[in-house]
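Taken straight from TrEMBL:
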REPEAT    177-211  repeat 'PPR'
REPEAT    212-246  repeat 'PPR'
REPEAT    247-281  repeat 'PPR'
REPEAT    282-316  repeat 'PPR'
REPEAT    317-351  repeat 'PPR'
REPEAT    386-420  repeat 'PPR'
REPEAT    421-455  repeat 'PPR'
Amino acid sequence: MTARRWAWGLPTRAFSTTAKATVPLAHLADLPTSLPSTGYAVTPPVQPWPRRLTARTLARLLLRLPTPHLAVLAFRHALFHAPPPRLPPSLPVFAAILSALRAANLPAFSDRPFLPLLRSLPPLPSLRLFLSLPSFNSRPSVRSFNALLHSLVAARRLRLAAALFRAAPTKLCITPNLVSCNILLKGLVGIGELDAALKVLDEMPGLGVVPDVVTYTTVLTAYCGKGDIEGAQKLFDDIIASGRRPDVTMYTVLIDGYCQCGKLQDAARIMDEMEADRVQPNEVTYSVVIEACCKEGKSIEARDLMGEMLGAGYVPDTALGAKVVDVLCQDGKAEEAYRLWRWMVKKNVPPDNMVTSTLIYWLCKNGMVGEARKLFDELERGFKPSLLTYNSLIAGLCENEELQEAGRVWDDMVERGYEPNAMTYEALIKGFCKTGKPNEGAAVFQEMVTRGCSPSRLLFQVLVDSLSEPGHEHTVGKILETAALCGGDFMDGDTWDIFVRKVVNTSDTLNKHLDLVFMSSWGAKKCNEGIQ
């Protein structure tokens, strides 16, 4: 096994520990779902069924049904199968179903029919139903207790859940099992209660419960979420010392913890140990480390890991591909980013406007205009380019003085129904100014302002620098008139200062233009004051 030697030479850098965890944790505790699939229609068990289902109409329906069995079926249908909007459990409905069942004088039966109700009801009604099971001649079991715990944990009533968990053996004559412990642990970890979670872990042997991989992974997640990577590593070592074999999720949680702390060296070490233990990294493992490399600016390492991920048959999502492409481009490796992205597309990574825009921008910036245009054409054949993608290509072409080609792309963009925005106009204006055609740039500027797009101060500076030579006084004056008469907020003090310092002289032409501008601005101001 070849070790990831790239990690051992990395300097440790500061890294935020508050970043959102990328490891999915929803599967850590095997909690039963409360709602079945809704992709099909279910015939109501009672006819006629209320056209408009409310708590009152359902309660009336339940109370007039001839048998408790029909009442339970109607209640389940209202909760799980009725057309949306679904009716949430409420006190009138709850009272009606209890009344129907109590009146039946049923023989002893299992608590299994109550499990969906216990899970779906709010915490207090669920607790009342659980405590009322003996009145239905049904004995509570650890299954119904776990359903109650699920309801409490889902509502974040963790204090009540923990109290019931500890009182269950003596007060309820129920011994919590592994599922009970994992439900409570997941809830405590979800609110960042590491100490309380560790207390539950310590209590498990006294209940005769042996922690499993889900248990340990949940507690590892709590350590890493708190930034206590030393505690996470100690727990991980204890797990291995006890003879248990960590799975890929447990390894991934620990690797993610090191990445969140900016310790890529240790993350690479754990990844090597993982493969040596014949546990293969999965898509999440690769994504965690690749994203950490991108945040640390390690473009080569991110590229190599992306290659490993693709070679293992995993398809990264578009967002991760965009990060790798961006970090390569920022590191001056636009050509490598281009090759990597082409390989990713061949591996069925869907094309994305954001990635393509980034690549086009950097390819043009590095003088690879032909590759940028080729990439754009490939995207256009199978995907609709966004306005951002068009802007990136137009800006790149203008930067490389390819104004005719930029004009053709502009026409294609307009034909597709896109309206040029401030970024589009600024790219073309800067291109004209760079190629020594400030008058054409000024004409585009006038169109830009009249269409309501606000130019930046940098664009004013570029225009002023291009028009500061003698012979352009009339053009400068027209720009000032257009900007002021349109009444845009962009003509602030700093913008006026740029013009006044650069181009205002003793020229009678410019003075006349400035007089007109000031009069127009004063008149617009008085008009606005009158309206107010």
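Heads up, residue numbers simply count up from 1 along the chain you see.
Every residue gets a Cβ built from N, Cα and C, even glycine.
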(request) Tell me the residue counts in helix, strand and coil for the repeat 'PPR' (282-316), as DSSP assigns them. (result) 26 helix, 0 strand, 9 coil
(request) Please spell out the DSSP helix, strand and coil residue counts for the repeat 'PPR' (421-455). (result) 26 helix, 0 strand, 9 coil
(message) Over the span of the repeat 'PPR' (317-351), how high is the average pLDDT in this prediction?
(response) 86
